[in-house]
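Undergrad: Pasting the relevant annotations from TrEMBL:
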- 6-431: domain 'Amino acid transporter transmembrane' (DOMAIN)
- 12-30: transmembrane segment (TRANSMEM)
- 36-67: transmembrane segment (TRANSMEM)
- 145-167: transmembrane segment (TRANSMEM)
- 199-218: transmembrane segment (TRANSMEM)
- 261-282: transmembrane segment (TRANSMEM)
- 303-325: transmembrane segment (TRANSMEM)
- 345-370: transmembrane segment (TRANSMEM)
- 382-404: transmembrane segment (TRANSMEM)
- 410-435: transmembrane segment (TRANSMEM)
- 456-476: transmembrane segment (TRANSMEM)
Amino acid sequence: MDDQYSSYTALLYIFNLIVGTGALTLPKAFTEAGWVFSSVLIIILALVSYITATFVIECMAISNAIIQWVKVERMKRISRYFQLASAAPVSTDDEDVSEPNEDSLMLPTDYLQNFPSEPQKFFTLDIKVEMTEMATTLFTKTGQYLFYICLCLYLYGDLTIYSAAIAKTIVDTSCTSKANATDDKLCWESYNFTRRMMYKLYLGMFLLLFGPYVFFNVQKTKYLQFFTSGSRWLAFSLMIGLGVHRLLNPTLKHGNPKMEIASGLPALLGSCVYSFMCHHSLPSLITPIKDKSRIYSKLALDYIAILLFYLALALTAVFAFPNVLDLYTLNFVPDGSNYTAFDELVSYFLALFPVFTLTTSFPIIAVTLRSNLQAMFAPYEWRILHLFILPLLAVVPPILIAMSTENIEALVGVTGSFAGVIIQYVIPSILVVCARRSIPELLITVPNLYSSPFKSIIWPALVIGWAAVSIDLVIYDLVCNKGIF
């Protein structure tokens, strides 16, 4: 297989995909819900998300087995036709000679020895099966259409949010006017460019720079992943380190957070429920791994590392600062009274944190959307459709939507509250139940090395119940606290 990489490279991809700008809202949510309450909840979220990630990987293996089994059965039928045709008696009488029929046009017997053999492994992750292909294999037509709607809604929403956030961040950091200035305000006093004009210009530049990645696979983003990973880790280390430094300084005011605040649960869940989301891109990230042994143990280590990062960031914040702002990086903006050049440099660097995180996630999400669109339109084997139209359809509409408005809070609410929970929790749970029931009878005894550790039917049921609770609480937060709907 071309463009393979190590399991640790894949874990880096997953880490970059999961850890985004949402991490910057966790400290505020921890303050509002209590640090003990919040810590317990985010541990539960990590566990539930890990469970459904193992469901997706198991479904990849089972879907591969089903697809290959269908091919093997088809090959066996064709092979029997070959054998029957080769064994049929041939008459040499002139009067028996007739027009060629379908059987007489079969390949000769010596072709049979070169006929494709059965696959060495049925349950494999070496062949990429996107979630759309899993749905096509395992769901009814109605289920497939509902899945398509949820997946496209979520992925298009994600790409729109990412592109808008990147462009707005660059505008806020590059323009001399204040970040909360109106769109018609000049970006620089000496030039006749408004903030709105620069926002659209940056969006166009972003499309030209990162849009072409959609025509390739995620392996082509390897060097981009490595570069921005360094920036991401440096930003996290700075925020955690500066928080600890402030906490150890007795001359500064510190936070005194409560242990639990029940009324803050909806807001906390609204901020945290997608903190471990990567399921839609797992097929693209898992398939190229060279050594897939112990894949679940390695994935668990990735989840634990992300969980520890989140806890370290949030807990140092709530104890170090008496007032944690909505976006944690704003706590490091110099107050203008006594700051050094280092403080200003750190503030500028952290202000660009969304750019570092989202520029790596955008190509992965775009490739995921393109691959799923190609799977949806698989019956239409038009070369121009799959090579050009669908990739462009994956990246251009989100940029156009982002150009039309900067106010994407409602979009975040819709894509997150409904499609996000369904893609992360509901779809994997239903998929794994359907997949286990769809295994061909003769393959039931064949060992599946990629079977999820959570084999009981109770686990999918618990996850779906958790999804229902999550949707209710997140909608409550959007309606009552944020007033989006």
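Cβ atoms are placed via backbone N, Cα and C, with glycine included.
Structural setting of the listed features?
TA: Only residues 6 or more beyond the boundaries of the transmembrane segment (199-218), in the same chain, are considered here, and those with a CB under 8 A from a CB of the stretch are 3, 13, 163-164, 166-168, 170-171, 183, 193, 224, 281, 284-285, 288, 359, 362-364, 366-367, 370, 387, 391-392, 394-396, 399, 402-403, 406.
Long-range neighbours of the transmembrane segment (261-282) within the same chain, counting only residues 6 or more positions beyond its ends whose Cβ lies under 8 Å from a Cβ of the stretch, are 14, 17-18, 22-23, 25-26, 28-30, 32-34, 37-38, 41-42, 45-46, 49-50, 52-53, 56-57, 60, 131, 151, 154-155, 218, 303, 306, 310, 364-365, 367-368, 372, 416, 420-421, 423-424, 427-428, 470, 473-474, 476-478, 480-482.
Here the transmembrane segment (345-370) has Cβ contacts under 8 Å with residues 13, 16-17, 19-21, 24, 130, 152, 155-156, 158-159, 162-163, 165-166, 169-170, 172-173, 210-211, 213-214, 216-218, 221, 224-225, 228-229, 231-232, 234-235, 238-239, 242, 280-281, 284-285, 329, 332-334, 390-391, 394-395 of the same chain, all six or more residues outside its ends.
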Undergrad: Going through 36-67, 145-167, 382-404, 456-476 one by one, which has the most CB pairs that fall under 8 Å from the transmembrane segment (303-325)?
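TA: The listed stretch sharing the most Cβ pairs with the transmembrane segment (303-325) is 36-67.
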Undergrad: Short question: most Cβ pairs under 8 Å with the transmembrane segment (382-404), which of 12-30, 145-167, 456-476?
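TA: Per the Cβ count, the answer is 145-167.
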